[in-house]
Amino acid sequence: MTTPALLPLSGRRIPPLNLGPPSFPHHRATLRLSEKFILLLILSAFITLCFGAFFFLPDSSKHKRFDLGLEDVLIPHVDAGKGAKNPGVFLIHGPDEHRHREEEERLRNKIRADHEKALEEAKEKLRKSREEIRAEIQTEKNKVVQEMKIKQNKPLPPVPIPNLVGISGGDPEDSDIREKREKIKEMMKHAWDNYRTYGWGHNELRPIARKGHSPNIFGSSQMGATIVDALDTLYIMGLHAEFLDGQRWIEDNLDFSVNSEVSVFEVNIRFIGGLLAAYYLSGEEIFKIKAVQLAEKLLPAFNTPTGIPWAMVNLKSGVGRNWGWASAGSSILAEFGTLHMEFMHLSYLTGDLIYYKKVMHIRKLLQKMDRPNGLYPNYLNPRTGRWGQYHTSVGGLGDSFYEYLLKAWLMSDKTDHEARKMYDDAIEAIEKHLIKKSRGGLVFIGEWKNGHLEKKMGHLACFAGGMFALGADGSRTDKAGHYLELGAEIARTCHESYDRTALKLGPESFKFDGAVEAVAVRQAEKYYILRPEVIETYWYLWRFTHDPRYRQWGWEAALAIEKYCRVSGGFSGVKDVYSSTPTHDDVQQSFFLAETLKYLYLLFSGDDLLPLEHWVFNTEAHPLPVLHLANTTLSGNPAVR
Ligand code: DMJ
């Protein structure tokens, strides 16, 4: 009997050896591995053969290869004269065979050595752990980044530096004033040291939570806003170690090629203004370079149908847009109208007129526009070039536009007459339509809204006291005395807004309605977030009048800040200035270090520190020198001479 198993069968039908689960994929994998192994074996044998064969090739075939790539080690062809087609190619032949052989021997040795070295390196790599390899890659990456930084940070062409008068000093003779100034310096140390400890590199500090904080105006990136904003205050206070610490951070970390959407206005006044001021005060090139790098990133914001910039721009993509809440997609007067000072300095320092052209274009466009009652509305649509809602204010949304008209004139050594005229026209209209006296005799600046005057003044509008005083000299038909007086009246009103609270700190906004005078009514307007405007006005008034009341009012404010805003982790805003037990908002704003403490320090310093004939403060209190352009031209631009 024959069994089917003993019948001669074709190989196809022989079942596989059962060395485990007889699955098809396993079988295929086994075959593939062995195939691979054989292939690898053949390949390596072939490579070894080729490498070995190279050394046994006849001399002539090697010459051809040398002629292609190793010219530098060969001797020139004796016939290669002027007319030769390719005088760079050299051939080996001629009588000196011995010399050739030596040369080849040397080359062979070199190739062998290189080969062995490469093998050694490869083996070495294989011996390393994953972490070690990763660390090596990181080191390499860092090296490249560092090299790129050095390349990017190459110095700009030099320009004559303006006369820098009074960048330090101002020591008061009076011991009481000296003590007060020291106290302000100590407050600055407290604010800075805590930011250094708990918020370093973040934009701002949460002094109670003791961690970093960032409002959306700075985008999603950690750009060290407090460091940049505080630098010049540290400098004038003589806090040089802290200044250097900030400088190092900027050198090593401040990077603008980030995918982050920032406010063009805020970044301009705080960062570009702060960096430029730090540059002028210290002479350190890095600040100028960083300011220019950032300004380049802001330029795409101007790519709108009218040239009126968007409120926000993405630093990486250059895509811009406006705030969702701004009237029908409008840009805001106080934002696009507060670029002039910084952009003029950028053109001056770089010799590139682009910045100057951008801001002058805005000015020209505004000059052509119809102004209701001579007033500038706060909203302007960058697509259509038409005004949005007719809302005019010297406080939020409008404020620093007027300030920059005056300061453009001052900064140009009083040669930019166009800016002065625009300022004079604007404040005449403001005085006529917005400035009123309350029943109790307080002069205030209201807001024009929906066809009527709202009798409400914001803390932000309190800066105007200082502006009127600063603009008094040079005003029309010798109204200097009048404007100085108006500045003093605004200072008094704003002081009242502080004095009528429980904490002796002013609310965000206050009303003049019947019996209510200089007092906030709505709960949402009772907060104080360490703002500087009232103290700023005291300082300007002090400089122009030397009336001791301004120092006294400034000191009252300093004491109130110390008492109610100081916490162990820094300084915080308060939510209700009418409540004697303050609730903190837990934010230490960067402008507290840039402005509030700087103006307080200047208030208790001599006038020789940053004298106003030589310095103009941007709206974030960053001092920029007057550009005496009479002797310096922006290349190709006679208009600013
Ligand atoms: C600052 O950033 C500037 O002063 C700006 O012009 C208006 N507001 C804040 C401070 O309150």
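Glycine is treated like the rest: Cβ placed from N, Cα and C.
When secondary structure is read from DSSP and collapsed to three states, GLU266 (active site, proton donor) falls in the helix class. What TrEMBL lists as active site, proton donor is GLU266 (among others).
Secondary structure from DSSP puts ASP399 (active site) in a helix. For ASP399 (active site), the number of other Cβ atoms no farther than 10 Å from its own Cβ, over all displayed protein chains, is 25. The active site annotation in TrEMBL covers ASP399 (among others).
In three-state terms derived from DSSP, GLU508 (active site, proton donor) belongs to neither a helical nor a strand segment and is classed as coil. Within the same chain, residues at least six positions away from GLU508 (active site, proton donor) with a Cβ under 8 Å of its Cβ are GLY458, HIS459, ALA520, GLU525, LYS526, TYR527, TYR528, ILE529, ARG531. Look at TrEMBL and you will find GLU508 (among others) tagged as active site, proton donor.
The active site annotation in TrEMBL covers GLU533 (among others). GLU533 (active site) falls within a helical segment according to DSSP.
Annotated Ca(2+) binding site per TrEMBL: THR619, in sequence order. Taking Cβ-Cβ distances under 8 Å and a sequence gap of 6 or more within the same chain, the neighbours of THR619 (Ca(2+) binding site) are ILE269, GLY273, THR338, ASP399, SER400, GLU403, TYR404.
The annotation coiled coil is assigned in TrEMBL to 101-143.
Per TrEMBL, disulfide bond is recorded for CYS462-CYS494. Sequence-distant neighbours of CYS494 (disulfide bond) (same chain, six or more apart, CB under 8 Å from its CB) are HIS459, CYS462, GLY465, GLY506, GLU533, VAL534, THR537, listed in sequence order.
Non-local neighbours of the region 'Disordered' (153-175) in the same chain are 181, 235-236, 238, 280-281, 283, 285-286, 288-289, 292, 348-351, 602, 604-611, 613-615, 625-628, 631-632; each lies 6+ residues outside the stretch with a CB under 8 Å from one of its CB atoms. Per TrEMBL, the feature region 'Disordered' maps to 153-175.
The transmembrane segment annotation in TrEMBL covers 37-57.
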Seminar exercise, completed: Cβ contacts within 10 Å for CYS462 (disulfide bond), all chains included, total 31
Exercise. Looking at the recorded positions CYS462, GLU508, THR619, which have a C-beta within less than 6 Å of some atom in ligand 1?
Worked result: THR619
For this session: Would you mind pulling the DSSP three-state label for CYS494 (disulfide bond)?
Result: helix
For this session: Note down the number of other Cβ atoms within 10 Å of the Cβ of GLU266 (active site, proton donor), including every protein chain shown.
Result: 22
Seminar exercise, completed: CYS462 (disulfide bond) -> DSSP, reduced to three states, gives helix
Exercise. With every protein chain in view, how many other Cβ atoms are within 10 Å of the Cβ of GLU533 (active site)?
Worked result: 24
